[in-house]
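Enquirer: Here it is, the structure, as structure tokens.
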């Protein structure tokens, strides 16, 4: 099958995740490996380097300074390497910095920087302006980081060897751009480093995921409003990728996923690999359903989380990689800080009897039109169609007109506080 021996538990997990795509994944381990180097623009332009070198180089599509070189070439043994003209780097490892969109004069943090490949790439983007702060918590690894910065002639940089918990106090809201090339279970490195494949254990995923969640929270504190943060790993595990991002967005509603360019050889993330969106979102939805709905009207649909927004995706959908999906299913609402806010789409998709608490107005009742205009309404507890409920209980109420759902309101202190969408209101 492959040139390296892969852990069986890993293969079984990938087969479960990929389904029909698994044979192509398996076959990829038998394909020729690609080798890359990245020209150092602090020393020489890509065009000038191509004129200087005798090697056959092919451009890497997503990295303007990156090139493939042929197997058998030994760039680490050439005098140009020791002059800092290029850095030897996996082609895919060049992508995160390109996505970070670093501009001259930016202040940039590389939070997990050693051995320094991405740090030198960041410095090249700054072109001698701004600041790159390169941190790594491991003292031994910092030595390689310092050497690579010196070899590449980086001037506008500081090197840190500190716990991010301390950094977040010193650099609160300081950086325009932050890169987290997070420590991970390394599943993407099995082919390059066979010893890692032999050492891999199933419980590594959760071990690293716990660390990654903390790193993201700490980094968020250090980012300027309007800044950009890129999180990357070298592993396939959804628990360390899609699920980490989903959980972070659930906790940080002020962050959103930025659009990314389509890169050859890369695929979008897989929200369908985030079970129930995230545990926190699933719990918030379950609490709301228990309080307000008769069962779970979304049935066996797969719950998908995009940021803080929860959708019920129809069962049995094929993989939609590369397809622009505007809405992955029935939009149920948003989950933020442990609370679930139902959407208008959920109200309109329900039958009246699927809501435990509801109020019904006839079409001729002036309050029906007042509701559609966005007014707050007075209501007696007896008008709420929910038996045996304490009249002091507050919460979401489904507003119906002649028995047909029209939207949500919040019942509190004898008032229906209007939740009808502003853009839909009767004018």
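In case you wondered, yes, glycine gets a Cβ from its N, Cα and C as well.
Keep in mind it's a predicted model, so treat the numbers as computed, not measured.
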Enquirer: Which of 101, 136 shares the S-adenosyl-L-methionine site with 112, 113, 114, 115, 116, 117, 118, 163, 181 per TrEMBL?
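Expert: Of 101, 136, 136 joins 112, 113, 114, 115, 116, 117, 118, 163, 181 in the S-adenosyl-L-methionine site that TrEMBL records.
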Enquirer: Given that the record lists 112, 113, 114, 115, 116, 117, 118, 136, 163, 181 as binding S-adenosyl-L-methionine, what is the largest C-alpha to C-alpha distance among them, in Å?
Expert: 20
Enquirer: Can you grab the distance from residue 234 (active site, nucleophile) over to residue 112 (S-adenosyl-L-methionine binding site)? Cα atoms, rounded to a whole Å.
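Expert: Counting only the Cα atoms, the answer is 13 Å.
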Enquirer: When you measure from the Cβ of residue 114 (S-adenosyl-L-methionine binding site), how many other Cβ atoms are you left with inside 10 Å?
Expert: 24
Enquirer: Hey, what's the Cβ neighbour count for residue 118 (S-adenosyl-L-methionine binding site) at 10 Å?
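Expert: There are 25 such Cβ atoms around residue 118 (S-adenosyl-L-methionine binding site).
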